[in-house]
Structures are given as C-alpha cells and as structure tokens.
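Written below as structure tokens is the structure these notes are about.
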Amino acid sequence: RICTNCCAGYKGCNYYSANGAFICEGESDPKNPNVCPRNCDTNIAYSKCLR
C-alpha cells in the first residue's frame, strides 16, 4: 500500500483502490509540485504511471 493522495500524486499517474477501482489521476507536476496535505488517502492502494 502506498501513502499518497490525489493532490500529491503525479500527473500522468492513475491511482486505484485495492480492488482495482479507479480513484483519480494525480494532480501534481513533478517539476513543480503542488502544496498538498501530507495525509494518506486510505482508499489508494497502488498507482500506474504512463511514462
């Protein structure tokens, strides 16, 4: 299980729950990261990134 949230997740990465349900795409640019709360979205189990 990873610890992240949609705000802090990287653009181009999709985040999924443990049962494979799509939750969100990340909103943070790795070169210019968002200021995000550091909480873990407990629904997010894994990510798949396109690059």
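Cβ atoms are placed via backbone N, Cα and C, with glycine included.
Residues or ranges marked as disulfide bond in Swiss-Prot (evidence: similarity to another entry): Cys3-Cys40 (among others). In the three-state DSSP classification, Cys40 (disulfide bond) falls within coil.
As annotated by Swiss-Prot, disulfide bond applies to Cys6-Cys24 (among others), with the evidence given as similarity to another entry. Summarising the environment of Cys24 (disulfide bond), the number of other Cβ atoms within 10 Å of its Cβ, over all protein chains shown, is 16.
Swiss-Prot lists Cys7-Cys36 (among others) with the feature disulfide bond.
Summarising the environment of Cys49 (disulfide bond), the number of other Cβ atoms within 10 Å of its Cβ, over all protein chains shown, is 12. Sequence annotations record features per position, and here Swiss-Prot assigns disulfide bond to Cys13-Cys49 (among others) based on similarity to another entry.
Annotation for Cys3 (disulfide bond): same-chain Cβ neighbours under 8 Å, separated by at least 6 residues, are Cys40. For Cys36 (disulfide bond), the nearest of the disulfide-bonded residues by C-alpha distance turns out to be Cys6; the candidates were Cys6, Cys13, Cys24, Cys49. Taking the Cβ of Cys36 (disulfide bond) as centre and 10 Å as the limit, one finds 14 other Cβ atoms among all the protein chains shown.
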